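So that you can see what the record holds, here are the features copied from Swiss-Prot:
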{"type": "ACT_SITE", "residues": "CYS52", "note": "active site, thioimide intermediate"}
{"type": "ACT_SITE", "residues": "ASP59", "note": "active site, proton donor"}
{"type": "BINDING", "residues": "VAL74, GLU75, SER76, HIS93, GLU94", "note": "substrate binding site"}
{"type": "COMPBIAS", "residues": "1-23", "note": "compositional bias 'Polar residues'"}
{"type": "REGION", "residues": "1-26", "note": "region 'Disordered'"}
Amino acid sequence: MPNTDVSSLSMLGQQTETAQSPEQAVLEKVPSNHAGTDYVVRFTAPEFTSLCPMTGQPDFAHIVIDYIPGEWLVESKSLKLFLHSFRNHGAFHEDCSIYIAKRIVELLDPKWLRIGAYWYPRGGIPIDVFWQTGKPPEGVWLPEQGVATYRGRG
């Protein structure tokens, strides 16, 4: 029988406030009922927002997170609120992208994780950030992230 114990979760099914910073945001996990099976979980945040640490202007990204769970899954509402906590947070693109991935890795200890952060241009230059924990296990179906390279008017 699947493990559906959610008693340790503090946000799911509750009214919650958005944390004012990523450091304050709570990420929660739930047990995986298929820990012995290698499969990919994908989260896509096509409207991720943070602030430029120098100008305070908004920065926007399309973020794709793929991971192969071990014993745990990230609870999706907590992930949504964690990502939303960057809205008023000033940090460079690279820092936001890697921080997100490392927080998830710290929480879950997944078998594998990758992040693709496709940032929209500021100052005329798009910045894309890619990171993964290592090679994915053999035989896992790993779709492309499907985000087109920024072309502007080209």
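Start at 1 and count along the chain as shown; that gives each residue its number.
In case you wondered, yes, glycine gets a Cβ from its N, Cα and C as well.
Fair warning: this is a prediction, and the values are worked out from it, not measured in the lab.
Long-range Cβ neighbours of the residue listed as 'active site, thioimide intermediate' (same chain, at least 6 residues apart, Cβ-Cβ under 8 Å): PRO58, ASP59, GLY90, ARG122. The binding-site residues GLU75, GLU94 differ in how many other CB atoms lie within 10 Å of their CB, and the one with the most is GLU75. Long-range neighbours of HIS93 (substrate binding site) (same chain, six or more residues apart, CB within less than 8 Å of its CB): ASP59, ALA61, ALA117, TRP119, ILE127, VAL129.
Long-range C-beta contacts of SER76 (substrate binding site), restricted to its own chain and to partners at least six residues apart, with a cutoff below 8 Å, comprise PHE43.
Sequence-distant neighbours of VAL74 (substrate binding site) (same chain, 6+ residues apart, CB-CB distance under 8 A): LEU27, GLU28, LYS29, VAL41, PHE43, TYR67, ILE104, LEU107, LEU108. Taken residue by residue with DSSP, the residue listed as 'active site, thioimide intermediate' is part of neither helix nor strand, so it is coil.
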